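Peer 1: Before anything else, here's the structure in question.
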Amino acid sequence: NLFQFAKMINGKLGAFSVWNYISYGCYCGWGGQGTPKDATDRCCFVHDCCYGRVRGCNPKLAIYSYSFKNGNIVCGKNLGCLRDICECDRVAANCFHQNKNTYNKNYRFKSSSRCRQTSEQC
């Protein structure tokens, strides 16, 4: 669920880091359109696409099992859609960490005027 996803992000990037991704670029936060602005925004685009492929439960609400081991996110013995959601969130949190050097404060607080291009397909 979104709370667990936030905890993954904070676990990889430090306390309160999730706030940097709530409204960023064209895809981080609720909804999304246009072309991702940078590698960080692409992490959100890929995460949105991943959630879009989940069948059988609501990715924003479903509770799954995971832990941190040696700084790595490890999804637990989840079945079906819970496994899929955990993997979506794990991959995105790792993506944010791997691309933290691309984070651009100018893209915070996304604006629909910056995201008017035709949206990419998943």
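Quick reminder: no glycine exception, Cβ is built from N, Cα and C everywhere.
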Peer 1: Pick from Cys81, Cys86, Cys88: which one does Swiss-Prot say forms the disulfide with Cys50?
Peer 2: Cys88
Peer 1: Which one of Asp38, Asp48 goes with Tyr27, Gly29, Gly31 at the Ca(2+) site, as Swiss-Prot has it?
Peer 2: Asp48
Peer 1: Could you pull the disulfide partner of Cys95 out of Cys26, Cys28, Cys43, going by Swiss-Prot?
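Peer 2: If we follow Swiss-Prot, the cysteine bonded to Cys95 turns out to be Cys43.
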Peer 1: In Swiss-Prot, Cys86 is listed as disulfide-bonded to which of the following: Cys75, Cys115?
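Peer 2: Checking Swiss-Prot: disulfide partner of Cys86 resolves to Cys75.
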Peer 1: Of the cysteines Cys49, Cys57, which is paired with Cys81 in the disulfide recorded by Swiss-Prot?
Peer 2: Cys57
Peer 1: With the disulphide bonds as Swiss-Prot has them, who is the partner of Cys26, out of Cys115, Cys122?
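Peer 2: If we follow Swiss-Prot, the cysteine bonded to Cys26 turns out to be Cys115.
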Peer 1: Going by Swiss-Prot, tell me which one of Cys28, Cys49 is disulfide-bonded to Cys44.
Peer 2: Cys28
Peer 1: Could you check which of the recorded positions Gly29, Asp48, Cys86, Asp89, Cys122 is the closest Cα neighbour of Cys57 (disulfide bond)?
Peer 2: Cys86
Peer 1: Quick one: of Tyr27, Gly29, Gly31, Asp89, which recorded positions lie within 10 angstroms of Cys122 (disulfide bond), measuring between C-alpha atoms? Sequence order, please.
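Peer 2: Candidates kept after distance check: none.
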